[in-house]
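K.L.:
Sharing the features that Swiss-Prot gives for it:
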type   : residues : note
REPEAT : 82-112   : repeat 'ANK 1'
REPEAT : 117-146  : repeat 'ANK 2'
REPEAT : 150-179  : repeat 'ANK 3'
REPEAT : 183-212  : repeat 'ANK 4'
REPEAT : 216-245  : repeat 'ANK 5'
REPEAT : 248-277  : repeat 'ANK 6'
REPEAT : 281-310  : repeat 'ANK 7'
REPEAT : 313-342  : repeat 'ANK 8'
REPEAT : 355-384  : repeat 'ANK 9'
REPEAT : 385-414  : repeat 'ANK 10'
REPEAT : 416-449  : repeat 'ANK 11'
DOMAIN : 521-576  : domain 'SOCS box'
Amino acid sequence: MDNYTSDEDIDEDFDTQLIIQQSLQDIYKPGTAQHAPKDESLHSFLSADYKKIVETIEKVGKEDALSHLTKYHSAFGEADEIGWIPLHKAAVQLNRKILEITLSASDPSLWEQTTHNGETPLFLAVSSCLLENATFLLLNGCNPNAKNFEGNSPLLAAVLRDCYDMAALLINYGADVNLRCANERTALHEAAKLGREDMVKLMLVSGAHPDPQSTYGFTPLALAAQSGHTEIMEMLLRKGKIFCLASDSSSILLEAASGGNPDAVALLLEYGADANIPKNSGHLPIHVAADRGHLLALKILIPVTDLAAIKQSGISPVHCAAAGAHPQCLELLIQAGFDVNFMLDQRINKHYDDHRKSALYFAVSNSDLSSVKLLLSAGALPNQDPVNCLQIALRMGNYELISLLLRHGANVNYFCRVNPLHFPSALQYTLKDEVMLRMLLNYGYDTERCFDCPHGDKVHPSYTVEGWTSTVIKDTKFCEVITLSWLQHLSGKVVRVMLDYVDQVRICSKLKAVLQKQGIWSEIHFILTNPRSLKHLCRLKIRKCMGRLHLRCPVFMSFLPLPNRLKAYVLYKEYDLYGQGIFTGTW
């Protein structure tokens, strides 16, 4: 090989290096080009010939002008800031003649060059649904299987654009109908998902496998079932298998249930689909239909689902309907005989921070009054969860929800499992609201425990933080809570209401010191230092003999041999603010 270099060559190299150096210096000159946008910098390196070519390509009726520019061969290889060469520009123009001129002027090595998104000229023509351009490029040997950087093929792009003729053209020129694209999906996957019936027929006739599984294990049939495309499902069912499971063991019937099309569900059952195959999470098709609120699909699935499979799953469709706030589905399930007191299995409820168990808890958490009424009327028990349903309703301050739960036996004397107080926990949510406070007290709240203090008239021990122990909040007395600096102003009103529900009580020195500063102290002092009325004492005695559960039971009260006026008195109807239509209880 001849390694000789002439002086002329050295001079040319020197000139070239000097030009490059000056260009770089201009780019990094302070306060100027270094702050220029990236696309402007790239645009400045494009030749004038390139700009002329592109301008001519993008103007209609400029074939002759473009022909005169074909002599600038190197300009046809230049790319703009998004990687488009003139051939890419020509591929998306309506004028096929422009594309022919540009292709002939471009080096064959550029015919498969990609943009920054990995798109070839053919891919762009297909995406633009330009059939003549795509035909010309295919005739000149362009690859019909060249995928872009997202992993999509020209055939898949034709399916997405719903361009049947384009898809047929690509297949005729060798496009692989079984080519795996993004997430291992084929063109048949997309056609089935989008409901392109003619495309699905074309793919199947052209040799597409009917059951390819995507990265997540979905077949075209599963995707068609999700969207409820029954005609496509029937085509695929004749060709493929119904028993393919996704990577999470989700059956095709479960996917149909999630879509909610009753015809799709019925079709799969007709072809032998099993409604008792759970996915990895344990959910069955009936669970998914109930959770999504697909009433018609649920009607079909109820008779074909085994109760043993539901029990094994650890969750009832009643839970799902309540969680999704679908009272119509809930009513259907109750009418079908599903147990409203079915409790979540431990392996399911451990995924919830509150370890909820009952369907009623889901409904209460959603403030779904319709579902709560249905469940309680069907016999749902309100005291089955680690966190009491009443506590959730009190925290939300929902009067109607609280009233519903109390009328159906919610325990007003529950204790929180974490840091329990000496008095029942429900009271802490009602200190600022007389309506809620009266509700609790009317339904048998243990008011006497609020006045239970071992220190009596003695000086109370002081803590590191006023009102709280230095370690765990446990067995904290009412006097320690209500005398906190941010609650003291409520103490008089709260204690005055409580006195309507107790016999003679003694208040400790700590509580008394705070009450004496309240404007209502004189009334409280009068009640504490005088005998209670006989009528009041009789009411307390009757309530104690009846018990809390009998007090809230309308049937029991109806059989009680007492005048209605006396029954109302026993039930504290004169203090039933919610029943009287008073819905603002803030002090």
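Glycine residues also receive a Cβ, built from the backbone N, Cα and C atoms like all the rest.
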K.L.:
Give the one range among 82-112, 117-146, 150-179, 248-277, 313-342 whose Cβ atoms make the most pairs under 8 Å with those of the repeat 'ANK 9' (355-384).
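P.N.:
By Cβ pairs under 8 Å, 313-342 leads among 82-112, 117-146, 150-179, 248-277, 313-342.
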K.L.:
Can you break down the domain 'SOCS box' (521-576) into helix, strand and coil residue counts using DSSP?
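P.N.:
Helix (H, G, I), strand (E, B), coil: 42 helix, 0 strand, 14 coil.
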K.L.:
Note the mean pLDDT of the domain 'SOCS box' (521-576), expressed as a whole number.
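P.N.:
Mean pLDDT for the domain 'SOCS box' (521-576): 89.
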K.L.:
With DSSP, how much of the repeat 'ANK 1' (82-112) is helix, how much strand and how much coil, in residues?
P.N.:
19 helix, 0 strand, 12 coil
K.L.:
Would you mind listing the long-range same-chain contacts of the repeat 'ANK 5' (216-245), meaning Cβ under 8 Å and 6+ residues beyond its ends?
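P.N.:
For the repeat 'ANK 5' (216-245), the list is 183, 186, 188-189, 191-195, 197, 200-201, 204, 210, 251-253, 255-256, 258-261, 263-264, 267-268, 271-273, 277.
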K.L.:
Quick one: DSSP breakdown of the repeat 'ANK 7' (281-310) into helix, strand and coil?
P.N.:
22 helix, 0 strand, 8 coil
K.L.:
How many of the residues that make up the repeat 'ANK 6' (248-277) does DSSP mark as helix, as strand and as coil?
P.N.:
17 helix, 0 strand, 13 coil
K.L.:
Residue counts in helix (H, G, I), strand (E, B) and coil for the repeat 'ANK 8' (313-342), per DSSP?
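P.N.:
Per-class counts: 17 helix, 0 strand, 13 coil.
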K.L.:
By DSSP, what is the split of the repeat 'ANK 2' (117-146) into helix, strand and coil residues?
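P.N.:
Helix, strand, coil within the repeat 'ANK 2' (117-146): 16 helix, 0 strand, 14 coil.
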K.L.:
Please report, as numbers and ranges, the same-chain residues at least 6 past the borders of the repeat 'ANK 6' (248-277) whose CB is under 8 Å from any CB of it.
P.N.:
216-219, 221-230, 233-234, 237, 242, 283-286, 288-289, 292-294, 296-297, 299-301, 304-306, 309
K.L.:
When secondary structure is assigned with DSSP, how many helix, strand and coil residues does the repeat 'ANK 11' (416-449) contain?
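P.N.:
DSSP classes over the repeat 'ANK 11' (416-449) add up to 17 helix, 2 strand, 15 coil.
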K.L.:
Below 8 angstroms Cβ to Cβ, which residues of this chain, lying six or more residues outside the repeat 'ANK 10' (385-414), approach it?
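P.N.:
For the repeat 'ANK 10' (385-414), the far contacts come to 354-358, 360-361, 364-365, 367, 369, 372-373, 376, 424-426, 429-430, 433, 435-436, 439-440, 443-446, 548-549, 552, 578, 583.
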